[in-house]
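Only one structure is covered here, and it is reproduced in the block below.
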């Protein structure tokens, strides 16, 4: 039997009633990624012959959310873990081994699974744990010589068996040559009226197949999620591990306990991240980048020596070197900033290319625009890019000076070194080196008296 023929089955059909959520349990996220997706990615790292995911409750939602290359099998009736694996049998090889994983055990890692597979060889591998509180979990039964002989679920366990602290994590390696016969012989004659996958241990022993137990090196690696408290506990463990890895790699985290990584972070040297920062998706930070407190950075690239001030939100954007962003700035998708750009408080940029050295320091909206270098936006400048049906583009040249409280009504083009007077509404193109004013002339009313309230 070729030991390198590996099939994986991921059980993800449960309702998750204790989550009190309309979302299928396995779609709840750890580190910004659905739990079942994490398990699929871990399984894929083992290079198996196939990955079979058994779904049931919320099947359509799971399939719509998780875009991974796998065989998806529906368990129409939730009749237990043994029945779930049985539904996957038509997709498993007749030779080799099957690794059984769970869509709600998100932190299982490749190292643990490789150790289990090596220990199992061509026999049965069983991942066990000795948690602080084994209540509610299946107990490992051993004979006088210490060999595993069975697993007893707590609802079926005797008072003596309940004192056993070693528990079954549910993760198994099973020989395919025996698997079908074992599954077909399962009985639902138990406290829950279900077909237990754990009953295969006793069947293996009866057939003379050795059960090779491997104790997980840390309980959280095999911990399942049944409620929001457990989800939060694993999330915090995951985030702590991510923070520790970043610290080892030279990133300065002002408070590792107040940092969330919900994706992947690529970074240079001397990166500093302040408290309550959230990193999502694919993020790249260059050398000497500083991220201020309470920022959210999602799918963004930030060049060397740039500083992001507190409470800024960057998503789907590219920031050049030596930029100064924020506080309270928002860069939306397709915002692309060259080097030495300043974006100040309450400035929003969307789908716009901003040239080198340009500044928008206060209260400005720049959308669907192409802006040259060394241009300055006065406070309160608005690019009116939407006519109610379509978005239109604005082109602004180099060294343009836009006065405070101006509105640029797209589509419109401002040439190089144009100046607009404060309070102007610009609706027509302006040639290079021109001053444009588009506002009512001030009138002072002589002899005017301010109305006063009647004192009676």
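The first residue you see is number 1, and the count goes up from there.
The backbone N, Cα and C atoms fix where each Cβ goes, glycine too.
Annotated features, as they stand in Swiss-Prot:
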| type | residues | note |
| --- | --- | --- |
| ACT_SITE | 362 | active site, proton acceptor |
| BINDING | 11-14, 25, 75, 80-81, 102-104, 138, 153, 168, 226, 332, 350, 365, 376 | UDP-N-acetyl-alpha-D-glucosamine binding site |
| BINDING | 104, 226 | Mg(2+) binding site |
| BINDING | 379, 385, 386, 404, 422, 439 | acetyl-CoA binding site |
| REGION | 1-228 | region 'Pyrophosphorylase' |
| REGION | 229-249 | region 'Linker' |
| REGION | 250-456 | region 'N-acetyltransferase' |
Exercise. What three-state secondary structure does DSSP assign to residue 422 (acetyl-CoA binding site)?
Worked result: coil
Exercise. Same-chain Cβ contacts of the region 'Linker' (229-249) under 8 Å, 6 or more residues past its ends?
Worked result: 19, 28, 30-31, 106-107, 220, 223, 256-257, 259-261, 265, 267
Problem set entry | Per-residue Cβ crowding (10 Å cut-off), top of binding-site residues 226, 376, 385, 404 | 385
For this session: Work out, from DSSP, the number of helix, strand and coil residues along the region 'Linker' (229-249).
Result: 20 helix, 0 strand, 1 coil
Exercise. On a count of neighbouring CB atoms within 10 A, which of the binding-site residues 14, 80, 103 is highest?
Worked result: 103
Exercise. Taking just the CA atoms, what is the gap between residue 422 (acetyl-CoA binding site) and residue 376 (UDP-N-acetyl-alpha-D-glucosamine binding site) in Å?
Worked result: 13
Problem set entry | Binding residues 379, 385, 386, 404, 422, 439 (acetyl-CoA) - maximum C-alpha distance in whole Å | 22
Exercise. Can you name the binding-site residues among 332, 376, 379, 385, 386 whose CA is within 10 A of the CA of residue 104 (Mg(2+) binding site)?
Worked result: none
Seminar exercise, completed: The correct three-state DSSP answer for residue 376 (UDP-N-acetyl-alpha-D-glucosamine binding site) is strand
Problem set entry | Fewest Cβ neighbours within 10 Å, where candidates are the binding-site residues 11, 379, 422 | 422
Problem set entry | Whole-number Å value for how far the residue listed as 'active site, proton acceptor' lies from residue 80 (UDP-N-acetyl-alpha-D-glucosamine binding site) (Cα to Cα) | 60
Seminar exercise, completed: For residue 153 (UDP-N-acetyl-alpha-D-glucosamine binding site), the number of neighbouring Cβ atoms whose distance to its own Cβ is within 10 Å equals 19
Problem set entry | Spatial neighbours of residue 362 (active site, proton acceptor), counting only the binding-site residues 11, 103, 153, 386 and Cα distances within 10 Å | none
Exercise. Could you give the mean pLDDT over the region 'Pyrophosphorylase' (1-228), rounded to a whole number?
Worked result: 93
Exercise. Taking only the binding-site residues 14, 103, 153, 226, which one has a CA atom nearest to the CA atom of residue 385 (acetyl-CoA binding site)?
Worked result: 103
For this session: Any same-chain residues 6+ apart from residue 332 (UDP-N-acetyl-alpha-D-glucosamine binding site) with CB under 8 Å of its CB? Would you list them in sequence order, or say none?
Result: 315, 316, 317, 348, 349, 350, 351
